[in-house]
Every structure is written in structure tokens, then in C-alpha cells.
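Feature annotations, reproduced from Swiss-Prot:
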- 5-12, 132-139: ATP binding site (BINDING)
- 156, 166, 168, 173: Zn(2+) binding site (BINDING)
């Protein structure tokens, strides 16, 4: 049975057909609409899936935000244009006339990455550092989603009580500092207004401010990982996302984590499926895996 998997992120929408063998084919992308209207997202999703839906028997959605009863609740509205209560499952069922499930994108990615691990691992945490910072937790070999879908939203834990205000309404969240949006927001002078990708480019060219911004992000993530180790005693942490997978970033995180006491050290791995983890995880869950 073929699954039409959809990944809804803060900057892009992706869709692909995934067979029972887990192979991805006919992958497509569109920019996430900047408009805050449900109509804009519906139209973009329609354009994305219409060439693919005839080849699928079901739909699986991995989306940023909290997924509750098939609808999108944006913990940080800035990451998805302020959409609230957008009926993801209902919308895709109407567009495709196919049975549909939906799950948070980082939770979906965590499940895919867990399947790729070697050895006897039952405790794993996945972190995505991209437009925002999200996560997924596997404990006892099972994916944790929580009764309200909030499990794994580790980007909204405290990093700095005097830090910037996060889009979720809290002050000093990890996401407000370590994410691509957080890196860009802290840029000043010649880098003011630059996005995270541009800042990474400048850092590679030796720009001191750009390097400091990236180190600040990596240091914040390392402290989060130490907190996660203390909370879950996980056997490994897998890091993905456009920032998390940027050249040299994970090595920086490892350097800062090594400065923490040994009890908080944990193996760090780069995401095996890279940017396709959300798509694959959603498809796996649609194949009958229990949440």
C-alpha cells in the first residue's frame, strides 16, 4: 500500500509517495504560504498533493505545531503564519478522499530515526533545529505523544530567564535562541536582517559576529541535551533540521556538551534520514504503528 506523506514546516511544504518498503519516490516541495489565512494553506496543499494523490491509498501528515484531534494548534504561531485550529485531517480527506492521519513533525521524525538505530536501544530523543526547535521522545521503544500532543516540544523549555521573548509567549526558550529564527533575530550591524543560512555562510568566511551567534545556538542546544539526559536518561540523541545538520554545527554541540559533567554526556548522532525523516515517520505510523 502506498502512502502520500506530507511534511508541513515553517518554511516549506513537502510531499512524497512512500511504498510499504519505505522507499521515497516522486518527492515535491513548495514554500509554506506566508499568508495567515487557512485558505492559503489549503490551496498550497491542494497544489502539492493533486499530482500524487491518485497513486496513494492513504495520507499521513507530519506538521509543525501540536496536533490534537486532527487539527493544528500552533504553540509558536510565528512558525506557521498564525494558523490556529486548522483542520489538517479533515482538509486532506476532503482534498484527496483518502483516509488520513496527522502527527507533529518532530514526533514523526523521531519515530523514523528510531527505526534506523542499530543495537539494543529503547530510549532515544530526537531534536530538530530548524526554523524552530522541536523534538520527539521514544521511551521503552514507544513514541511518546502525550494526551494533548505536547510531548517532545523541548524547544519551549527554559534556556535563559533574561533571554528574548519566544513566539509561544514564554521568555528565554531554547527555540528563541538556538533556532534559525533565533539566530537571525540576534544579528546586528551588517548581519541585521540576514537569515540563518546567510549567517552560517558568513561564519564560514570568518565573520566574528556570525560565529558567535552560531556558538550561542550550539551552546544552548548542548545545555538542553544535558537537561534531556538528566530527565530521560536516554541512550542517544539524534539531531536533525537545517541548522542541526549544517556543516560543523553538531561538532560544536559536542564540544559544548563535553564541558558538562560526565553524568550528562550522551551519544550524539546526525539524523540518518536527514530532511526526509518527518515524511518517513508519518508513513510508518500510517502503516499501523501504534502511537
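Every residue gets a Cβ built from N, Cα and C, even glycine.
Here the structure is a predicted model, which means the values were calculated and not measured.
Annotated features taken from Swiss-Prot, shown on the structure.
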residue : record              : Cβ contacts under 8 Å, 6 or more apart
5       : ATP binding site    : 15, 16, 17, 18, 59, 60, 61, 62, 279, 280, 282, 283, 286
7       : ATP binding site    : 13, 14, 15, 61, 62, 63, 105, 278, 279, 282
9       : ATP binding site    : 32, 64, 105, 130, 131, 278
11      : ATP binding site    : 31, 32, 130, 131
134     : ATP binding site    : 64, 104, 105, 106, 127, 128, 152, 153, 154, 155
136     : ATP binding site    : 104, 106, 107, 108, 109, 110, 111, 125, 126, 143, 144, 151, 152
156     : Zn(2+) binding site : 75, 76, 166, 168, 170, 173, 174, 175
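Following the DSSP three-state reduction, the secondary structure of residue 9 (ATP binding site) is coil.
When the binding-site residues 138, 166, 168, 173 are compared by the number of other CB atoms within 10 angstroms of each CB, 168 has the fewest. What surrounds the Zn(2+) site, by Cβ distance within 8 Å of the Cβ centroid and not counting 156, 166, 168, 173, is the set 75, 76, 155, 167, 169, 170, 174, 175, 176 from the same chain. In three-state terms derived from DSSP, residue 134 (ATP binding site) belongs to an extended strand segment. Cβ neighbour count for residue 132 (ATP binding site): 34 (other Cβ atoms within 10 Å of its Cβ, all protein chains included).
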